[in-house]
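Working notes for the structure below.
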Amino acid sequence: MAIILSVNSGSSSVKVSIYKSSKQGQDPIQLADAQISGLTAPPAKLSYQRGSENIKGQEVKDINSNEDACEYILDHLVKDNSLSEISSRDDITYACHRVVHGGDYPTAHVIDEDTYHHLEDLTDLAPLHNTSALAIVKACMKALPKATNIAYFDSSFHATIPEAVRTYAIDPKVAQRNKLRKYGFHGISYAFITRAVAQYLNKPESETSLIALHLGSGASACAIKSGKSLDTSMGLTPLAGLPGATRSGDVDPSLIFHFTHDAGKPSPSSTKEMHISTAEEILNKKSGWKALTGTTDFGEISSSQDPACKLAFEIFVDRLIHFIGSYYVKLEGEVDALVFAGGIGEKGALLRTRIVEKCRCLGFGLDEQTNNNKIEDVVRDIGMEGARYRTLVCQTDEQFEMARQCAAGLEGN
Ligand SMILES: Nc1ncnc2c1ncn2[C@@H]1O[C@H](COP(=O)(O)OP(=O)(O)O)[C@@H](O)[C@H]1O
Ligand SMILES: CC(=O)OP(=O)(O)O
Ligand SMILES: [Mg+2]
């Protein structure tokens, strides 16, 4: 039996899910789920779920970094006597890590000294995401000497994006030297979505084509043709494309020089490990829903009558249909379904209504009653009967996807 830890380290939270895998080829079984959030707005809070035990939002002291959070969670797992599968840290066989930027890595990679240093070099391309992930990888390599650490990259799923789609119209020599191209992200989630939806539609993944939307704190769209990424809205970094909780998404690239004269200077929030410019700080951390409305909670924005919230909502609708229309054409109308996923995609019934209404001309339609019901299945059809194309909601799970890929790669055990 293998015990698999799946770690998703974000800018303000660390989520860890624990699985056991008894047999190769079988999906891993979740044992527990732990999350420490509020890392950037202390006190940090612990949520923990195992079977019927449920801790929600318990304040935890002296947690000042993602590494502290990971240490705390490891301790919590070992001390939980009812979690008989983990009585010491040595019981953990694999630690899977979500690493947002994987550069040219087309698949997951076991992390050794070499891989680790290569990933450090890539951190400049996605400092806000990779820095915290790598800090945890390092902490786990030390704290779990018996475990194999594996990096799963958000960018790998998009390795199939054709050259003309991934190439920016800039000096090719500089582009090549500095590795400037579209990489795309949320790929672990898109891999989950593609497999889950293909299974739901009872089709092989290689015959499944989707317009998929992963709408969370960071939001992106993906055109999936015959199970493979054809295009996605994020680019060199997760800043491109759709706006997010604190991200601007696409703006005219020269805008930032009119916004501030300090664009190229290091941001005051840079640290020894994380170097970011003032421009990156403004566009990644001080924009998006937070800047427009004061809140990062899109649920609150959706139900508010405040004009700033209504505008933010309409901005999201506008940017989303921009990508849906574009991807519909790129897929030549061969689309099995429009899929909503991520916290906002899964819970935002009103947003789904407005988007699908706008896409009626393409042949999408909603069943309002199903759309408004609480969605518990992994994949739920919310489309109108008789509509040309299906509309689905998929409860994506990045931690599970990593554990599943890890278990699928295990030697018979
Ligand atoms: N009822 C709701 N309607 C729309 N959006 C919601 C609702 N509840 C939560 N959300 C949004 O879901 C987001 C979290 O999505 P999630 O995919 O979990 O984020 P992350 O990218 O941080 O993992 C929150 O930022 C919040 O805006
Ligand atoms: C890639 C990315 O934007 O990730 P997240 O949505 O977790 O911030
Ligand atoms: Mg996310």
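Cβ atoms here come from the backbone N, Cα and C positions, even for glycine.
Heads up, TrEMBL stuff is auto-annotated, nobody curated it.
These numbers come from a predicted model, not from an experiment.
What TrEMBL records for this protein:
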type     : residues                                      : note
BINDING  : ASN8, GLU398                                  : Mg(2+) binding site
BINDING  : LYS15, HIS214, LEU215, GLY216, SER217, GLY218 : ATP binding site
BINDING  : ARG98                                         : substrate binding site
ACT_SITE : ASP154                                        : active site, proton donor/acceptor
SITE     : HIS186                                        : site 'Transition state stabilizer'
SITE     : ARG247                                        : site 'Transition state stabilizer'
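Distribution of TrEMBL features across the structure.
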residue	record	Cβ neighbours (10 Å)
ASN8	Mg(2+) binding site	21
ARG98	substrate binding site	24
ASP154	active site, proton donor/acceptor	30
HIS186	site 'Transition state stabilizer'	31
HIS214	ATP binding site	32
LEU215	ATP binding site	26
GLY216	ATP binding site	20
SER217	ATP binding site	19
GLY218	ATP binding site	28
GLU398	Mg(2+) binding site	24
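Summary: among the recorded positions (LYS15, ARG247), the fewest other C-beta atoms within 10 A of the C-beta are counted at LYS15. Put simply, LYS15 (ATP binding site) is 5 Å from ASN8 (Mg(2+) binding site) when counted between their Cα atoms. Ligand 1 lies within reach of GLY216, SER217 from the recorded positions LYS15, ARG98, LEU215, GLY216, SER217, ARG247, judged by a C-beta closer than 6 angstroms to any of its atoms. Taking CA atoms as the reference points, LEU215 (ATP binding site) and HIS186 (site 'Transition state stabilizer') are 10 Å apart. Within 10 Å of HIS214 (ATP binding site), counting C-alpha to C-alpha distances, fall the following of the recorded positions ARG98, ASP154, HIS186, ARG247, GLU398: HIS186.
Recorded residues GLY216 (ATP binding site) and HIS186 (site 'Transition state stabilizer') have their alpha carbons 10 Å apart, per Cα-Cα distance. Of the residues the record lists as binding ATP, namely LYS15, HIS214, LEU215, GLY216, SER217, GLY218, the two whose Cα atoms sit farthest apart are 18 Å from each other. In the three-state DSSP reading, LYS15 (ATP binding site) counts as strand. For ligand 3, the binding-site residues lying close by, meaning a CB under 6 A from one of its atoms, are GLY216; the full candidate list was ASN8, GLY216, GLU398. Ligand 2 lies under 6 Å from the Cβ of ASP154, GLY216, SER217, GLY218, out of the recorded positions LYS15, ASP154, GLY216, SER217, GLY218, GLU398. The DSSP secondary structure for GLU398 (Mg(2+) binding site) is helix. Cα-Cα distances to ASP154 (active site, proton donor/acceptor) place ARG98, HIS186 within 10 Å, out of the recorded positions LYS15, ARG98, HIS186, GLY218, ARG247.
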